[in-house]
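Here's the structure we're looking at; comments come further down.
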Amino acid sequence: MPFSSSCSKVSMVLVVSLFVTSLMAMTASAGNFFQDFDVTFGDERAKILNGGQLLTLNLDKASGSGFKSKNEYLFGRIDMQIKLVSGNSAGTVTAYYLSSEGPTHDEIDFEFLGNLSGDPYTLHTNVFSQGKGNREQQFHLWFDPTKAFHTYSIVWNSQRIIFLVDNIPIRVFQNLETIGVPFPKSQPMRIYSSLWNADDWATRGGLVKTDWTQAPFTASYRNFQASTTSTNSLTEQSAWQTQGLDAAGRNRLRWVQQKFMVYNYCSDIKRFPQGLPAECRRSRL
């Protein structure tokens, strides 16, 4: 056999081997809802399907449903693909967040406020530290979140919290402890999600009520990933442990906030007559 032919075959074997190894690693790192989560309420309204690869939450007039992670996390990157309630989802809220427990808890929130058919969802975000929140930013999305799965991510390190949608940053909350702003850094948090009725406030301030003739309402979840110091190699750790925004990321953030932000507590002067919160006066990326 000629040497070049032999080398070519060896190279092909190596490439195939690396591909298979990579595929196995990707599969191994993917979450399994049976292994990673517990149903918290709703009984049979929360269903784990496809061997643990899919989870659905349902809401009817009697009850909503929810789940939480078995593990707690202190810093990391959390990714979840979610497909939201379709059609007339007014009055419903799909919550997906990190939270610790107790009166001085920390929390990092995504909440999806339902809509009348044809109107956009409102994505509500908030950050709690030592029991204090009131840091709401709200957005409309640039796509229909009910037609397909989209990835909603939280990067949480000691410098900042980054909210991402399909890997596009929509919000950054910086660690500004140096000017007296509390930052979540010492309380491990679990992942929670729930689908529930909030028609007293969720849609147009509670003016639009839930249409129970459309029930049950369903939200679907897949492809959970948690990258933390306990789950990743040193190389992978460094990606989220120091993650910030480069020039392209800052441009994407500006695009989202200029085009799709519908509420920013840092612009709500009437709400803070004594002056805006310190982090609003020290805004930086």
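Cβ from N, Cα, C; glycine included.
Computed from a predicted structure; not experimentally measured.
Residues annotated as signal peptide in TrEMBL: 1-30.
Annotated domain 'GH16' per TrEMBL: 27-221, in sequence order.
Long-range Cβ contacts of Glu107 (active site, nucleophile) within its own chain (separation 6+, distance under 8 Å): Tyr97, Leu98, Ser99, Ser100, Asn126, Val127, Phe128, Gly133, Pro184, Met189. Here TrEMBL flags Glu107 as active site, nucleophile.
Glu111 (active site, proton donor) is surrounded by 19 other CB atoms, counting those within 10 A of its CB over all protein chains shown. The annotation active site, proton donor is assigned in TrEMBL to Glu111.
Annotated N-linked glycosylation site per TrEMBL: Asn115, in sequence order.
Counting only residues at least six positions away in the same chain, the Cβ atoms of Asn88, Ser89, Ala90, Tyr121, Thr122, Thr203 sit under 8 Å from the Cβ of Asn115 (N-linked glycosylation site).
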